[in-house]
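> As annotated in TrEMBL:
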type: REPEAT; residues: 14-47; note: repeat 'WD'
type: REPEAT; residues: 56-87; note: repeat 'WD'
type: REPEAT; residues: 98-139; note: repeat 'WD'
type: REPEAT; residues: 140-181; note: repeat 'WD'
type: REPEAT; residues: 182-223; note: repeat 'WD'
type: REPEAT; residues: 224-265; note: repeat 'WD'
type: REPEAT; residues: 266-298; note: repeat 'WD'
type: REGION; residues: 348-414; note: region 'Disordered'
type: COMPBIAS; residues: 360-374; note: compositional bias 'Basic and acidic residues'
type: COILED; residues: 420-447; note: coiled coil
Amino acid sequence: MASVMEDPTLERHFKGHKDVVSCADFSPNNKQLATGSCDKNLMIWNLTPKARAFRFVGHTDIITGVHFSPNGSLVASSSRDQTVRLWTPSIKGESTVFKAHTASVRSVQFSSDGQRLVTASDDKSVKVWGVERKKFLYSLNRHTNWVRCARFSPDGRLVASCGDDRTVRLWDTSSRQCINIFTDYGGSATFVDFNSSGTCIASSGADNTLKIWDIRTNKLIQHYIVHSAGVNCFSFHPSGNYLISGSSDSTMKILDLLEGRLIYTLHGHKGPVLAVAFSRDGDLFASGGADSQVLMWKTNFDSLNYKVLLSRHRKRVTPDPPPHLMDIYPRSHHRHSAQNGTVEVINDNRSFNFGPHIPQDVRSHDSATSRRDQPISSLGWTHTRPREEEDEDQHERLPGGMTTSREEHSGIPTSLNSTLENIVQQLDILTQTVAVLEERLTLTEDKLRTCLDNQVLGTLQILHLFFFLF
């Protein structure tokens, strides 16, 4: 099964920050890119050709996080100055200030409905804020050291957080309680996020690892060791099939999560990579690092139009709401072992080196016969690919494990294309149905257990009364 159509290419190179680039996020319409820096400035880059960039000044210390609201009308930024600011991404640059924490604020994110913000701080707390009234709602306090990152689940019912206490915690936003703890880390947990379906969380660590947990079963399902230094950040592709990570080893790695393997290593930054982010449609991704550079890349390696596919899924009507994690899964804390059902990837398959000077537009080169790490252009580009992938290169992955050739992709019959789309939709509906059945089965088991307990209690009372009378 092929996983690659084309190689990622460097599209643009933004210069404007004067210090380390620490965070990045694309607007929902993919027309703007926001970046924050240790120079205390927030930059909004307009992605249309020859458009002006906006520099927003207001924070008095390093900017640590940035995130667009779901409708793109606001940008939230967090800073070591202990505040969060809400900006209007226009030439006016107006902002509202939240005095958020009593120590540095490490991250900020909008909920999917745009009504709430979640922040993480060195004061060991995670806080949730109301956007409309601009007020504090509640705090989540169980971490015992600095909290590096906090993220909402796609449905807003859960929050995941991680920190220097070497734990990843899962919180229920309705009960405001910690419902699970993942503790299998050899160092600080640096970043955490949910996949697009909300069924899994990924976390990165200062111990060079990337881990993906299924929060429905509380199991570690994938474990990657592909970097030679701490992993600072990562971003899920909207399809959930790929993940890009940035590390202090100066590289970015792109992982194929379906096949559980590393498919690309990208070199473009001089020094640690501190920010990576996919665009909302997955066509682009951005990176920033200690070299003050902001690079924007074209994805290319997945040609399926996920923007259309995801919009169809959002419009689909289901008979029942999806089950809540607390309704169907264990409530107790759970220790995990990295040896149980994990996938460890420790070798590269593809490598790209953009050399010391980044050109404005770099195109990929195909050299199936070149040896590993042998330069094939004056730009210092190195490209390695295993022989078994040469025959796969003409194929495209489709959902459910099906493939189609590149030639067929350009002239595929309409009827077959429609049939494949129907299969994808039916499989997704089936997944939702199984989740609902699991919920109902668990509720039935709970009711049955309650009935049995009541029967046992009633029987004991009758026996006690019998012995008392006779």
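For all residues, glycine too, the Cβ spot is worked out from N, Cα and C.
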> Within the repeat 'WD' (266-298), what mean pLDDT does the predicted structure show?
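Computed over the repeat 'WD' (266-298), the mean pLDDT is 95 on the 0 to 100 scale.
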> Take the repeat 'WD' (266-298) and find every residue of the same chain, 6 or more past its ends, with a Cβ under 8 Å from one of its Cβ atoms.
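That would be 8-30, 33, 35, 37, 43, 45, 47, 229, 232-239, 244-254, 306-307, 351-354, 356, 358.
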> Report, as numbers and ranges, which residues of the same chain sit near the repeat 'WD' (56-87): CB under 8 Å and 6 or more residues beyond its ends.
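For the repeat 'WD' (56-87), the nonlocal Cβ contacts are 22-29, 32, 34-38, 40-44, 93-110, 112-114, 117, 119, 121, 129, 131, 134.
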> Across the repeat 'WD' (224-265), what are the DSSP residue counts per state (helix, strand, coil)?
0 helix, 24 strand, 18 coil
> DSSP says what for the repeat 'WD' (266-298): how many helix, strand, coil residues?
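Helix (H, G, I), strand (E, B), coil: 0 helix, 19 strand, 14 coil.
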